[in-house]
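For reference, Swiss-Prot has these:
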- 1-25: signal peptide (SIGNAL)
- 33-149: domain 'Plastocyanin-like 1' (DOMAIN)
- Asn52: N-linked glycosylation site (CARBOHYD)
- Asn75: N-linked glycosylation site (CARBOHYD)
- Asn79: N-linked glycosylation site (CARBOHYD)
- His83, His470: Cu cation 1 binding site (BINDING)
- His85, His128, His531: Cu cation 2 binding site (BINDING)
- Asn111: N-linked glycosylation site (CARBOHYD)
- His130, His472, His529: Cu cation 3 binding site (BINDING)
- 159-306: domain 'Plastocyanin-like 2' (DOMAIN)
- Asn236: N-linked glycosylation site (CARBOHYD)
- Asn332: N-linked glycosylation site (CARBOHYD)
- Asn384: N-linked glycosylation site (CARBOHYD)
- Asn402: N-linked glycosylation site (CARBOHYD)
- 410-550: domain 'Plastocyanin-like 3' (DOMAIN)
- Asn449: N-linked glycosylation site (CARBOHYD)
- His467, Cys530, His535: Cu cation 4 binding site (BINDING)
Amino acid sequence: MPRLHHYLSNQAFLVLLLFSSIASAAVVEHVLHIQDVVVKPLCKEQIIPAANGSLPGPTINVREGDTLVVNVINNSTYNVTIHWHGVFQLKSVWMDGANMITQCPIQPGYNFTYQFDITGQEGTLLWHAHVVNLRATLHGALVIRPRSGRPYPFPKPYKEVPIVFQQWWDTDVRLLQLRPAPVSDAYLINGLAGDSYPCSENRMFNLKVVQGKTYLLRIVNAALNTHLFFKIANHNVTVVAVDAVYSTPYLTDVMILTPGQTVDALLTADQAIGKYYMATLPYISAIGIPTPDIKPTRGLIVYQGATSSSSPAEPLMPVPNDMSTAHRFTSNITSLVGGPHWTPVPRHVDEKMFITMGLGLDPCPAGTKCIGPLGQRYAGSLNNRTFMIPERISMQEAYFYNISGIYTDDFPNQPPLKFDYTKFEQRTNNDMKMMFPERKTSVKKIRFNSTVEIVLQNTAIISPESHPMHLHGFNFYVLGYGFGNYDPIRDARKLNLFNPQMHNTVGVPPGGWVVLRFIANNPGVWLFHCHMDAHLPYGIMSAFIVQNGPTPETSLPSPPSNLPQCTRDPTIYDSRTTNIDLSY
């Protein structure tokens with residue numbers, strides 16, 4: 001009888017826990033009105049697509065376990081999709097918002113409602129447009145707090161503050177796709193350029209703090225193409241999460257975020273009452289490229305009681321090409337073992353891939369002036385394949401309905417040629433082949449619940465730089481980073497299998513490598529791409545098709561009845577319409 005009573009008590013507890021979890025979940029509804037608005041961060045007014053009339057767009061707040069419903073009403077002049085960057089989308093791949101991968105775009109004058117559950121994630125993520133360069137102005141923070149009654153795994157902060165970094169061009173956003181990686185005119189903090197730039201001296205983000213209080217900074221790098229350093233004068237911060245995954249508390253005075261990455265950091269106002277600049281500065285990782293003279297973008301920490309005449313203290317920023325500082329921060333982030341939603345690293349690997357990545361060339365059309373090396377156009381590739389985005393129908397629909405001719409499932413596990421990846425020299429016809437990758441819509445099929453390990457090897461075919469690789473639909477363990485060519489014997493011994501941080505976006509070091517591991521437990525078509533938008537037209541991307549599992553619960557659902565329909569989309573990424581010197 002005592003054993004039976006103990007069993008029944010446990011069952012009752014589990015039932016109560018289940019009901020409390022259900023009760024704590026909610027349906028959170030938002031509307032994003034996408035329309036063209038006039039803004040003036042610097043000296044010129046520009047018309048941009050924006051959500052709800054603001055730059056950045058609204059912060060969306062939910063709790064883990066909630067269902068998020070967002071109606072996107074497109075009254076702009078652009079085709080639009082919204083991607084929920086870092087959200088797992090378990091059994092909701094149709095809601096991922098990857099243009100021509102999981103859906104056709106929402107055309108002007110139409111709307112579409114995204115609906116999905118937030119499961120097993122807490123922290124800061126972002127939402128953003130996923131059509132050409134619209135992400136430059138169509139983005140915002142997505143904040144996922146613990147379920148009601150569940151604490152953070154760190155002391156409760158006095159206040160939470162979203163801080164969103166942007167990259168700004170004083171030009172029509174449509175022109176950004178006509179030239180490769182244009183230099184931006186400014187960087188913004190929460191939509192404000194600050195006093196480093198003309199016409200913005202009195203428009204600066206101000207964070208007012210109370211001495212002795214601790215603030216949770218929810219930092220988002222929404223810049224289109226740039227990794228960013230971030231620092232606050234005379235203050236340290238404690239990093240407690242990266243990419244909405246709790247981390248071992250890490251005390252630092254400087255952070256770096258790749259495009260699309262997020263950091264949650266605790267800031268304690270423990271200095272003398274006064275004013276202190278916060279500043280962000282681009283990290284220029286490309287090797288052999290002259291470092292431009294770039295001004296830091298500044299905001300202000302203002303202590304309660306500070307006088308208006310106080311001169312702000314300035315942070316000593318890293319130099320823009322400070323690779324050692326960038327690598328030190330990234331490699332010191334580890335997971336919070338035993339924390340909320342933590343899972344151990346799977347030791348058995350079912351599928352191993354070695355993927356080379358970087359820039360190459362594409363032949364210049366006859367009679368056209370192209371601005372890449374050797375008079376050619378830039379291209380990009382993974383394992384020497386330049387990815388071509390479909391134009392007629394989304395890949396997810398083609399896969400679900402078994403429509404042929406849209407993609408091939410022959411993406412290779414190895415590059416076609418082994419060479420010295422970090423010291424490329426064109427000597428043979430094979431070397432020339434590596435410079436001019438094959439153009440193909442090539443994907444990799446993966447069995448459901450397989451454990452996949454990927455070595456990403458940066459190459460020096462064209463000037464190497466850090467590429468922030470983003471995987472839709474999953475987090476992955478980052479087992480290790482390094483420089484030079486990856487050695488499968490020597491470097492494998494150094495991999496962290498105990499407490500590696502999980503990410504959805506990771507910077508592959510210039511002239512180096514990174515090792516990822518993830519469990520393919522989410523059926524669907526999932527994009528894997530460089531999150532520098534300047535590199536998307538070049539084709540540094542592919543996709544994984546995770547096959548259905550053995551049950552209806554582990555298989556793809558049918559698409560929603562109101563999924564946007566395709567017409568031929570003129571804004572589809574196509575490197576054959578870019579990299580041409582258009583004088584105007």
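Just so it is clear, glycine is given a Cβ too, placed from its N, Cα and C backbone atoms.
Here the features listed in Swiss-Prot are painted onto the structure.
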residue : record                      : Cβ contacts under 8 Å, 6 or more apart
Asn52   : N-linked glycosylation site : Val31, Leu32, His33, Pro58
Asn75   : N-linked glycosylation site : His33, Ile34, Gln35, Pro108, Gly109
His85   : Cu cation 2 binding site    : Leu125, Leu126, Trp127, His128, Leu142, Gly260, His470, Asn504, Thr505
His130  : Cu cation 3 binding site    : Thr81, Ile82, His83, Gly97, Ala98, Asn99
His467  : Cu cation 4 binding site    : Met357, Gly358, Asn458, Gly507, Val508, Cys530, Met532, His535, Ile540
His472  : Cu cation 3 binding site    : His83, Gln89, Asp96, Ala98, Ile101, Trp526, Leu527, Phe528
His529  : Cu cation 3 binding site    : Phe387, Met469, His470, Leu536, Ile540, Met541, Ser542
His531  : Cu cation 2 binding site    : Thr258, Pro259, Gly260, Pro468, Met469, His470, Thr505
Tally of residues which DSSP labels helix, strand or coil - the domain 'Plastocyanin-like 1' (33-149): 8 helix, 55 strand, 54 coil
Distance [Cα-Cα, Å, rounded] between Asn332 (N-linked glycosylation site) and Asn236 (N-linked glycosylation site): 15
Rounded to the nearest Å - Cα separation of Asn449 (N-linked glycosylation site) and Asn402 (N-linked glycosylation site): 22
Collapsed DSSP category at His472 (Cu cation 3 binding site): coil
Secondary structure composition of the domain 'Plastocyanin-like 2' (159-306) [DSSP: H/G/I, E/B, coil]: 6 helix, 74 strand, 68 coil
Residue among glycosylation sites Asn111, Asn236, Asn384, Asn402 with Cα closest to the Cα of Asn79 (N-linked glycosylation site): Asn111
Inter-residue C-alpha distance, Asn384 (N-linked glycosylation site) and Asn111 (N-linked glycosylation site) (nearest angstrom): 38
Whole-number Å value for how far Asn402 (N-linked glycosylation site) lies from Asn111 (N-linked glycosylation site) (Cα to Cα): 27
Cβ neighbour count within 10 Å of Asn111 (N-linked glycosylation site): 17
Rounded to the nearest Å - Cα separation of Asn402 (N-linked glycosylation site) and Asn236 (N-linked glycosylation site): 54
Fewest Cβ neighbours within 10 Å, where candidates are the glycosylation sites Asn332, Asn402, Asn449: Asn402
Sorted by sequence, non-His467, Cys530, His535 residues with Cβ within 8 Å of centre, Cu cation 4: Met357, Gly380, Pro468, Met469, His529, His531, Met532, Leu536, Tyr538, Ile540
Chain-mates of His130, His472, His529 with C-beta within 8 Å of site centroid, Cu cation 3: His83, Asp96, Ala98, Ile101, His470, Leu527, Phe528, His531, Met541
Winner by Cβ contact number (other Cβ atoms within 10 Å) across the binding-site residues His128, His470: His128
The one of Asn79, Asn236, Asn384 whose CB sees the fewest other CB atoms within 10 Å, among these glycosylation sites: Asn236
